[in-house]
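Notes follow once the structure below has been shown.
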Amino acid sequence: MFVLYGATGDLARRMVLPAFFELAQHGLLPEDWRLIGSGRGERTDEEFVEHVRSALAEFGPDPDEGPWDDFAQRLRFAGGGFTADDPGQLLDAVATARKEIGDDAQLVHYLSLPPKAFTDYTRALGAHGLGEGARVVYEKPFGASPEGFRELDDLVHSVFDEEQVFRIDHFLGKEGTQDLHALRFANGLFEPMWSREHVAQVQIDVPEDLDVADRADFYDATGATLDMLVTHLFQVAAEVAMEPPVSFSADDILSARESVLANFRPLAPEDVVLGQFEGYRELDGVPDDSDTDTYVAARLFIDTGRWRGVPFLLRTGKRMAAKQQRVSLVLHRPKGPVNDVPANGNVVSLSLAGAGAVDIDVMAKKPGPDLAMAPARVSLDLSKIPGGEPLAPYVSLIHDVLIGDRSLFTTSEGLAQTWRALQPVLDARPEVHPYAPGSWGPAAANALTGEHGWLLGQTE
Ligand code: BG6
């Protein structure tokens, strides 16, 4: 049984409800289930069904291309809001659903709410005894500052055990991100090279070409560092840097990824470049003197034996020249007789977008009479793997919640470590450089990468 708080809000409409229907299309929902939408307004079940149908019509998948009738008859709505003092219609709706599908149905609370509402709803879940045995899903950001994180974390742990909590970072649900551990640990080609002995630097580069016009208010209070760096980019860095998990079980993968966050060296402010695209302050909802970063580049070090001294270059920004999501391991030049291998001649790169892709840059003999070397690329589009049915990140993550698999979620301890690593930048915020829309961001970030430069932007 799934209770969706904020069921008529924007996030539910764009992401959660479509993901749920996609699970139905793939046959990945339990045999019997109910989804109770919770919201402040009053709606009948029928009106909620109509709402869901219109969300699907707008954001897909097409309701007519799936088991819509069966899906629709399992949707319920509980209006009147939900607070610690007043549960509205929710407790009745949960009791009725339990009668319909049985007391042993797993209860899942999905807080599809603005982060500032997490506290009140968590309290309300505790006050009405809905925490026991349940799973609970929190959207990002789980706390927007070190203090905010700690307060929320303490409150959540007063109602739920850590094992009940599923904090979403949808980058971890991407097919390409999951391939970082799949590819690495399943291939003799990759596992032995995954260390400082072979890797000169790692680049995690997520340029975006869109601006933030449709959510300028939210964005201006957040900025790229909080929206993307301390969340998605740090988690992906941990995914790259983790030690081999004991096994491929959910718990072992989770603990391998989250425990390496403790080895993130606190970022030195001089290793961070912030930017703001020109024209940002003219957007509706953005103050004329806003100092918000729409771009961040950072050089992170991870102090494990495996990665000591290897810079992890992290970059993201709005209104940049391209939209890409790339993790690249740049290899050292081989020692030996070939002395003209360029700095970026050997690169293993994964795209995290869509179903994911692997590209390997190698040096090869240029066909012809001479022994001359030329760069070449081997590419594997992971969507072409026979029988594969790529899942969108939200679909994959909600499925994991339903089966109780926490491997792709963040942990309380891990998040505490991400804030620890960011703290120096919060204490001494670097200056914000302007950059031209459609560019690769402030030139000041080029110095972070040494002789390698940023891989994206050189070849695009
Ligand atoms: C979100 C950020 O979490 O991730 C957005 O808030 C960003 O600013 C988005 O654009 C990028 O993710 P994706 O998977 O939609 O490209």
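Cβ coordinates come from backbone N, Cα and C, glycine included.
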Note: TrEMBL has GLY6, ALA7, THR8, GLY9, ASP10, LEU11, ALA12, ARG13, LYS140 binding NADP(+), and from ARG34, ARG40, ARG98, ARG184 that site also includes ARG40
Substrate site partner of HIS170, LYS174, GLU208, LYS318, LYS323 according to TrEMBL, chosen from ASP153, ASP227, ASP291, ASP340, is ASP227
Simplified to three states, DSSP reports ARG40 (NADP(+) binding site) as coil
Close to ligand 1, in the sense of Cβ under 6 Å, among THR8, ASP10, ARG40, ASP227, LYS318, LYS323 as binding-site residues, are ASP227
Neighbouring CB atoms within 10 angstroms of the CB of ALA12 (NADP(+) binding site), all protein chains considered, total 24
Looking only at the recorded positions HIS170, GLU208, ASP227, HIS232, LYS323, ALA12 (NADP(+) binding site) has its closest CA neighbour at HIS170
If you rank the recorded positions HIS170, LYS174, HIS232, LYS318, LYS323 by how many other Cβ atoms lie within 10 Å of their Cβ, the lowest count goes to LYS323
